[in-house]
Amino acid sequence: MLQAKQRIDYILVGAVLSLLAIGTVIVFSASADTAYHQFGSPYYYLEHQLVWAALGILVMAVASRIDYWRYKRFILPLYGVSVALLVLVLIPHIGIEINGARRWLGVGSLQIQPSELAKLAMIFMFAHLFSRHQDRLDDFWHGVVPHLLLASLIFILVLAEPDLGTTIAIAGTFFVMLFVAGLQKKHLLGLTAVGTPVLAWAMLGEQYRRQRLLAFIDPWKHPLGVGFHTIQALLALGSGGVLGVGLGYSRQALGFLPESFTDFIFAILGEELGLLGTMTVVILFLVVAWRGYRVAMRAPDLFSSLLATGITTMIAIQAAINIGVVTATLPVTGITLPFISYGGSSLVLSLAGVGILLNISRNAI
C-alpha cells in the first residue's frame, strides 16, 4: 500500500524543537514573578511546562512511528468524544470558568481544554470525509452543505465558550481543507459571501467584542480599559528594540501585562530578545509551514495530504492570529502561540500533530 519509508524531516523537527526551546525559556522568564507571588517558587510554571514538553515530545516521537492510516478506525469516536467534551465544558459547575470564559475541564489538579482536542478531531474527520467523498464536492447542496453542517457543530460549541479566536482558527482550517479537496471556485465565493456576515456577527454580537474592536481601532482612547492589553504589549515590543533588554529583565512581566506567559508571550519575547528574537520566531513558523505544506504536496494519498494540510494550516493560523493580536494588527482575542505559550493541552496536541506530519513525510512519494 505504501512506498518505502523515507528519512524523517529533520528540518521540520529542528524548527519545532527550536520553537519549543525558545518558548520554554520565555515561559520561565515571563512567569517567574507571578509564580513566586502565587506559589512561593519562581519555577512553578517552568516545572509544569517542562513536564508537558517532555510528554509532548514523547507523543510526537510515538506518533511519527504510527502509520497515519491506522488512525482511521478511531476518527468517528474521537470526533464524538470531542463534541461531548465541548458540551460538557459549557455546563455550569462542570466547566471551569476563568476570566468570563468556560473553556476548561478539571480532573483533580489537572485541567484540559477540550477545544484543543476538537482541533485535531476536526482535521481527522474532514480529511477522511473529503477524501472519501471528493466526487460529491461538485454538488453544493448534497456535497458541501452536509459537511459544513457537521463542522458547524464544532464551530458553534467552541464559539459558545466563548472562544472566537479558536473558532476562527478551526473554521479557517476547515475551509482550506475544503478548497484543497476540490471545492469549486464559485462555491468558495458563495461560502465567502455567507461567511463574511457570520464572522461580522460573531465579532460584533457581544458587547465586549465590540469594545475590543473599538480598542483595536484606537487603543489609546481606552488606556485603562479594553485598550490596556494592546498598549502594554506595544510598550513591551517597543522597549525591546533590536536586541532586547535581555532574558529575565522584562518590566512588563512584573504584573503590567496580563497573560504575559500565555496569550501575550510574544510581547515578552520581543521585549527581552528584541526584533531579532521575534523575527527568529516568525522565520521558524514559516519554516514549519513550508515543511508542513511540502509534506502535504508529497503525501501518498488524498487523506494524508488533507491531514497534513489541516495540521499545518491550524498551526499557521494560530501563530498568525496570536502575533497579529500582540502587534495590534488584529483585535484582541484569546489564542495561544503554538509551541511557545504556557499550556499543556495545546502543547501536547500540537506536538502530536507534528508527529503525524512526520509520519506522513516518512511515507512521502
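Note: Cβ is positioned from N, Cα and C throughout, glycine not excepted.
For the transmembrane segment (12-31), the residues of the chain that approach it from at least six positions outside its boundaries are 42-46, 49-50, 53, 56-57, 60, 247-248, 250, 253, 260-261, 265, 268-269, 272-273, 277, 280-281, 284-285, 287-288, 291-292, 295, 337-342, 347, 351, 354, 357-358, 361, judged by C-beta separation under 8 angstroms. TrEMBL lists 12-31 (among others) with the feature transmembrane segment.
According to TrEMBL, the transmembrane segment annotation covers 43-62 (among others).
Beyond the ends of the transmembrane segment (74-96), by six or more residues, the same chain brings 102-106, 111, 114-115, 117-118, 120-122, 124-125, 128, 153-154, 157-158, 160-161 to within a C-beta distance below 8 angstroms of the stretch. Look at TrEMBL and you will find 74-96 (among others) tagged as transmembrane segment.
Summarising the annotation, TrEMBL assigns transmembrane segment to 140-159 (among others).
According to TrEMBL, the transmembrane segment annotation covers 164-182 (among others).
What TrEMBL records for 188-205 (among others) is transmembrane segment.
Here the transmembrane segment (226-249) has Cβ contacts under 8 Å with residues 25, 29, 32, 208, 211-212, 214-216, 218-220, 256-259, 264, 266-268, 270-278, 326-328, 332 of the same chain, all six or more residues outside its ends. The transmembrane segment annotation in TrEMBL covers 226-249 (among others).
Summarising the annotation, TrEMBL assigns transmembrane segment to 264-290 (among others).
Among the features that TrEMBL reports, transmembrane segment is placed at 302-327 (among others). Counting residues 6+ beyond its ends, the transmembrane segment (302-327) has Cβ neighbours under 8 Å at 68-69, 72, 119-120, 122-124, 126-128, 130-131, 134, 165, 168-170, 172-173, 176-177, 180-181, 233-234, 237, 263-264, 266-267, 270, 282, 285, 288-289, 292-293, 295-296, 333, 335-338, 341, 350, 353-354, 356-357, 360, 363 in the same chain.
Tertiary neighbourhood of the transmembrane segment (339-360): same-chain residues 8-9, 12-13, 16, 19-20, 22-23, 26-27, 31, 45, 48-49, 51-53, 55-57, 59-68, 71, 110-113, 116-117, 119-120, 123, 261-263, 265-266, 269, 281, 291-292, 295-296, 299-300, 304, 307-308, 311-312, 314-315, 322, selected by CB-CB distance under 8 Å and a gap of 6+ residues from either end. The transmembrane segment feature in TrEMBL is assigned to 339-360 (among others).
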